[in-house]
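Trainee: Found this in TrEMBL, in case it helps:
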TRANSMEM  6-22  transmembrane segment
TRANSMEM  29-48  transmembrane segment
TRANSMEM  64-92  transmembrane segment
TRANSMEM  104-122  transmembrane segment
TRANSMEM  155-174  transmembrane segment
TRANSMEM  186-210  transmembrane segment
TRANSMEM  225-244  transmembrane segment
TRANSMEM  327-350  transmembrane segment
TRANSMEM  362-380  transmembrane segment
TRANSMEM  392-408  transmembrane segment
Amino acid sequence: MNYLLVMVLSFPVLCYLFRIGNMKNNPVVYSYFLGVFLFILLGSGYSLDGDNFYYRGNLESVEYMIILCFLSVSILPIYMINLCYGLAGGAYKAELKFLGKFKLLLNILLLVHLMFFLNYILSKGPYQIVSLLVQGANAKEIIGLRSELATGENAGITFIFYNLSYLLASMTILASKSRTKKFLTLIYLFFTVSIFLHKMPIIILLFAVFMTRILSNGKVNVKKIIYLTIISIILVFVFYVIYFPGRELSYYLFDMPLSIIHRIIGVYSESVALTIKHVENVGYYYGTTFINPMGLFPFEPIYLPKIIHYEYIGYDGSMSVPAVGEIYANFGTFATILYIVTLPLLIFFFERFLFSIKNRDLSLIFLVYSSILSLQLSQASQFNSYLNPKNILLFIFVFIFLNVVIRGKNTNVNKDSFSSI
């Protein structure tokens, strides 16, 4: 019954997502609410529906329902702003003409990416996790190793292999005229995001390519959306076959599809519910799960995903906690409601700023990358998204290179962008 209530309240969000034009007119906001609906609201059935195969039980709470209800209606201020100001998007309608400096930036970042990739291969051996699979490792051992590779000193490696790959894929689509070079670069990036045998980074890479296409030509092809969905499902299916080889055919036909659906849309909402239950037992963390860059603050950061994974699964690993769950774990219900209400507005006005950037190349790159970061807010901490220091430095570097270095030259002003408020 509670799940039905959440779905009814989510109707405005669903209407917003079904209006395909919002994808190109408000890509960053659209991506945020796409993540909220798929990963938290729709997935909440795995925490609220007792008839569900993966229902864990005892996850429903008043605080959890309050969070879901506020997430469901948090789209309404965006509707009001669009209604009052009549804001249109800034999709690019003319063919992009790229500067030599843009291609130079692409080549520099590709070189940095390749150097990190080769260093990892030479120091760790070719595809460390793949080697484990060949040796007969199970999913538990793979998840444990992947957790180690995503934390501590290794966190920079995953940023290069994942986040920088998304940015490079977008830039490659925009800047490379040669189909061969474009194809080879994308294949290389595909292998780098798959190096830890993690499914979601591959899907996000496809999402980055798709959003770049939409924003560069201003068209949304429904068939391509369907193709992207099918390709993503097939890729996830292949990964599950790799994880669980030698099972009976009935497992692959019936059990595995349910597991895939749960992994894509169920686990993030569950982690929010589990975080609420966890806090009931241990109390609030008051900011200690946040990052502490260069040890500026007097506390040792606690890695919340590792704690939740151990409580939920029973062995070491990393279970991503969406940003809304981490805010609750630190400051409680009121702070979480404030976060839910204000975040879409902050994203909206940040998106308006990105559309207003006169350098078209810079604007489009930031829009695509910000769309990915907004989507990830429903999958992981805000410190893995906008507030990740590496992302901030990447934004600054690209901005300086494309906006300052090329100042005084043809900057391809986006004449189709929205009028400022």
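Cβ atoms are placed via backbone N, Cα and C, with glycine included.
Keep in mind that TrEMBL annotations are predicted by a computer and have not been checked by a curator.
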Trainee: Find the member of 29-48, 104-122, 225-244, 362-380 that has more C-beta pairs under 8 Å to the transmembrane segment (155-174) than any other listed stretch.
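Mentor: The stretch I would name here is 104-122.
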Trainee: Where else in the chain does the transmembrane segment (225-244) make close Cβ contacts, counting only residues six or more beyond its ends and a cut-off under 8 Å?
Mentor: 133, 139, 142, 197, 199, 202-203, 206-207, 210, 251-252, 256-257, 259-260, 263-264
Trainee: Return the stretch with the most CB pairs under 8 A relative to the transmembrane segment (327-350), choosing among 6-22, 29-48, 104-122, 186-210.
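Mentor: Ranked by Cβ pairs under 8 Å, first place goes to 29-48.
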Trainee: Count the CB pairs under 8 A between the transmembrane segment (6-22) and each of 29-48, 104-122, 186-210, then give me the winner.
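Mentor: Between the stretches 29-48, 104-122, 186-210, 29-48 has the largest tally.
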